[in-house]
Every structure is written in structure tokens, then in C-alpha cells.
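Visitor: Positions annotated as domain 'Cytidyltransferase-like' by TrEMBL: 6-133. Under the heading ATP binding site, TrEMBL lists SER10, PHE11, HIS18, GLY89, LEU90, ARG91, GLU99, TYR123, SER124, PHE125, LEU126, SER127, SER128, SER129. The substrate binding site annotation in TrEMBL covers SER10, LYS42, LEU74, LYS88. Summarising the annotation, TrEMBL assigns site 'Transition state stabilizer' to HIS18.
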Amino acid sequence: MVRRVVCPGSFDPVTNGHLDIIGRTSRLYDEVVVAVLINIEKKSLFTVEERIEMLQEVTKEYGNVRVEKFHGLLVDFAKQQGIPTIVKGLRAVSDFDYELQMAQLNYRMSGVETLFMSTNPEYSFLSSSRLKEIARYGGDVSGLVPDLVLRLLVERLRG
Ligand code: PNS
């Protein structure tokens, strides 16, 4: 039996914090499906296709990561893909309330389990939105995102 897990998110763009969770998860499971949320209500910097391409490029070294997009409920996507487990990174206690509620609702709706992985402390302050804000105003975000993402981020923000 193939042990599959899903790592969901917006990934606008993928950060080294995300990659740390995806990479560590890839050592625990046979296959990791990174699921990019299609959210038409939220304005994003990168299109879903751009985010998928970046994720494919930066996760290819793991060898067992597949990148997909989804819309609607995450648990419907997980069921449809035959995935029983969601893995989420927890950066701090402040993430916990929100994540716990979502995990409980997801379990209640579908029986799909959520496992939490503690973020590497090196990235516990990191979020895609903070990162974009810093980069937008010319701050240095090198070391917080993969080099490819850094290049695309600077290109996009400088228009
Ligand atoms: O990177 P993000 O934006 O924090 O990721 C949030 C995500 C995509 C994991 C979450 O918003 C999600 O699962 N959305 C899909 C809609 C859904 O299933 N909602 C019900 C949650 S109880």
C-alpha cells in the first residue's frame, strides 16, 4: 500500500518554511501531494500555474513529491485522490487555534486526519504575506525563499 499525504496551501509563493515541511514529510511518506488552493476571492501575486511550476522545480530533488491544484474543500480533494492524511506546519501557538479548528472540522466532515509538524525555528517567523511585503519595499528576503523564487519575486515586484 502506498502511503500518501497531502500538504495543502496557497504557496504564493513557496518559502523555505514550506519547503522544510514538505522535505521532512517526504522522508516519512511514500508520496507527498502538494495541493495548491485555487482561490478566486484572494488576490495573488503569482498565478496558480506559476506557483505550481515553482513548487515542481524546488521539490524535484525529493523524488516523491507531486504538485496538484484544487478548489473547494480540501477533504474532497484528499478523498478523491485516496489520501487519508493532511500534514500542516505549525509555526507558533498563534497558528494552533485556527489549525486545530480546521483539523477538527475536516475530520468531522470526512474522517481525513491532520498531523501537525513543528516548523524549523529558523523559519518560525516566516509567512508568504510578510515576505511579499518586505520584498515589495526593497527588503532583503534572500535565504527565506529558494533562489528561483527570489528571482521571480524580485522580477514580479519590480514589474
Ligand atoms: O497557505 P494557506 O493559505 O494558509 O492555506 C490554507 C488552506 C489552503 C490549507 C485552507 O484554506 C484550505 O484547506 N482551504 C480549502 C477550503 C476548505 O477545505 N475549507 C474548510 C476548512 S475546515
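Here the Cβ of each residue, glycine as well, is placed from N, Cα and C on the backbone.
Automatic prediction, not curation, is the source of TrEMBL annotations.
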Visitor: Using the alpha carbons only, what distance in Å do you get between GLU99 (ATP binding site) and LYS88 (substrate binding site) once rounded?
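Guide: For GLU99 (ATP binding site) versus LYS88 (substrate binding site), the Cα atoms are 8 Å apart.
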Visitor: Just report the maximum Cα pair distance in Å for the recorded ATP binders SER10, PHE11, HIS18, GLY89, LEU90, ARG91, GLU99, TYR123, SER124, PHE125, LEU126, SER127, SER128, SER129, no decimals.
Guide: 18
Visitor: Cβ-Cβ under 8 Å from HIS18 (ATP binding site), same chain, 6 or more residues apart: which ones?
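Guide: Result: CYS7, GLY9, PHE11, GLY89.
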Visitor: Just to be sure I understand the packing, how many Cβ atoms besides its own are within 10 Å of the Cβ of SER10 (ATP binding site)?
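Guide: Result for SER10 (ATP binding site): 18 neighbouring Cβ atoms inside 10 Å.
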Visitor: Listed binding-site residues are SER10, HIS18, LEU74, LYS88, GLU99, SER124; which sit with C-beta under 6 angstroms of ligand 1?
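Guide: Near the molecule: SER10, LEU74.
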Visitor: Can you tell me how far the Cα of LYS88 (substrate binding site) sits from the Cα of SER124 (ATP binding site), in Å?
Guide: 13
Visitor: Which residue counts does DSSP yield for the domain 'Cytidyltransferase-like' (6-133) in the helix, strand and coil classes, in that order?
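Guide: Split by secondary structure, the domain 'Cytidyltransferase-like' (6-133) comes out as 60 helix, 29 strand, 39 coil.
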Visitor: What residue among the binding-site residues SER124, SER128 has the most other CB atoms lying within 10 A of its CB?
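Guide: Sorting the candidates by Cβ neighbours within 10 Å, the top entry is SER128.
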Visitor: Among the binding-site residues LEU74, LEU90, point out the residue whose Cβ has the most other Cβ atoms within 10 Å, with all shown protein chains included in the count.
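Guide: Result for the most crowded candidate: LEU74.
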Visitor: To the nearest Å, how far is the Cα of SER124 (ATP binding site) from the Cα of LEU74 (substrate binding site)?
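Guide: LEU74 (substrate binding site) has its Cα 24 Å from the Cα of SER124 (ATP binding site).
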Visitor: Suppose we draw a 10 Å sphere around the Cβ of LYS88 (substrate binding site). How many other Cβ atoms does it contain, all chains included?
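Guide: Summing over all protein chains shown, LYS88 (substrate binding site) has 19 other Cβ atoms within 10 Å.
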Visitor: Give me the CA-CA distance between LEU90 (ATP binding site) and LYS42 (substrate binding site), in Å, as a whole number.
Guide: 22
